[in-house]
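**Q** One structure coming up, written as structure tokens, with questions to follow.
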């Protein structure tokens, strides 16, 4: 019993731990602890149901063997079916005095439960009694070498005066083993020797609570009875209960279909019909197996002693089922299918419900927004460990976009985070709402290491944004090292020279016209014309201070120019004077042909 309990606890713990490792990949702690404990318990119960189905299958097989009267084999499970008889004199039950082969009794000071009564508080005294008995089978008599577990037995509640008097006498003359201070497992160990016995004689009387057994009944029981009932309690001290009386009593109880706890025990004494009054007397119960009763006993066969031994203790003890082989077959067949179907069905339901809960948790709109926000915060802060944890729990959507359609790679500010994102297949060439890729973002922000990682990852080097600015164009003026790396990697050079373009015509062509119009719009502070001449137009009015700063980015007068152009790009350098002092200066313009109209993309001035 102790080993069985420990094994069950260890099995439940192993199941719960296994499910914890699975659920912890999705849920946070302590929620994963609670979910693992609950799911583990359900699965543990389902496994128990399947084990019960296996036991029912064995019972069905053993019942079939008993029906065909196959001889038992030594040390093997065996079902002995037939009437049970005592080897010598029958046992007289302690409260009813009914002849039987074995009996369980229970004595409790708690009142019997009713619809409105308080709950039970447990038994005070209990015991197991058995005389040497044997089952008369078709292959010979088989001894019962241990007290069996009584399955589905009828428990009689005795409320007669005679039963109370017998119980008082029995308690006063019996020595009880006190196990009230023992823990549950120790209590099981204390009664374990009742499960097996060499000669089949068992007497185990147990005290379960800290009570004095001799004080459970009043000494003046007869006087109390007479005072409440208004008549003297009369009985035959030697009266017992006959087999015929017991059979009549059981037939009457069965026909009336009463609850076991409400059955009154029959007694041959004339005053047994008088119920006990509501006084503080113990509740008396017996569960007995009568002489000649049809039973099926399941246990391990011992050929030397021609008897049935327990396979183990507790649920592995000898089992006694009331009824014949047909009864056992019917019960085992029903138990097999109910436990098998129930166990498998609840396993499927439990796991389907768990998968559903995990899916809803990971994919609900509110949770998804929360997870995405956490991912962007982690990527921006360089918290790779947090990203890894989110990925492990299924919370990281590597393709996620924010409100500006930026990817996680676009907000990464360090090379290590960018490297991890690239290794985990983050989109390389995705563009935000402004058309800027991660490479364009990194090039314009001066993140040289990230640019090199993207070059190695084969990111597209020439994707222009909404204002036609490529990564190289974004880096050329302010981040020369990045521009050099992009050129070395094969980025399409936006600087047009004699190597890759044609010289401008003598009058400068439409490219120079666009430059002059751009300078004139600045001088006139005409925002509308200025925006029409730019690839990245602004909007709204421009403050006076901004105009003043802006005017310093162009020459005061153009004296000469040089430049080269392709069909869609041009690089033009104009020379002249700048500022109030007419300082010599030059300004290099990058122009793009947008819809047949040349527009200014970049302007960089150098003052000598």
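Including glycine, each Cβ sits where the backbone N, Cα and C put it.
TrEMBL entries are annotated by machine, without manual review.
For reference, TrEMBL lists these features for the protein:
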TRANSMEM  32-51  transmembrane segment
REGION    250-284  region 'Disordered'
COMPBIAS  250-270  compositional bias 'Acidic residues'
TRANSMEM  340-362  transmembrane segment
REPEAT    434-466  repeat 'ANK'
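Surface or core, plus neighbours and distances: that's what I need for these features.
**A** Within the chain carrying the transmembrane segment (32-51), a Cβ under 8 angstroms from the stretch's Cβ atoms is held by residues 11-12, 15-20, 23-24, 26, 339-340, 342-344, 346-347, 350, 354, all 6 or more beyond its ends.
Across the repeat 'ANK' (434-466), the model assigns an average pLDDT of 93.
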**Q** Can you tell me how the residues of the repeat 'ANK' (434-466) break down into helix, strand and coil by DSSP?
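**A** Each residue of the repeat 'ANK' (434-466) counted once, the result is 17 helix, 0 strand, 16 coil.
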**Q** Using a Cβ-Cβ cut-off of under 8 Å, list the residues of the same chain that are 6+ residues beyond the ends of the transmembrane segment (340-362) and lie near it.
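**A** Tertiary neighbours of the transmembrane segment (340-362) are 23, 26-27, 35, 39, 42-43, 45-50, 52-53, 368, 371, 394-395.
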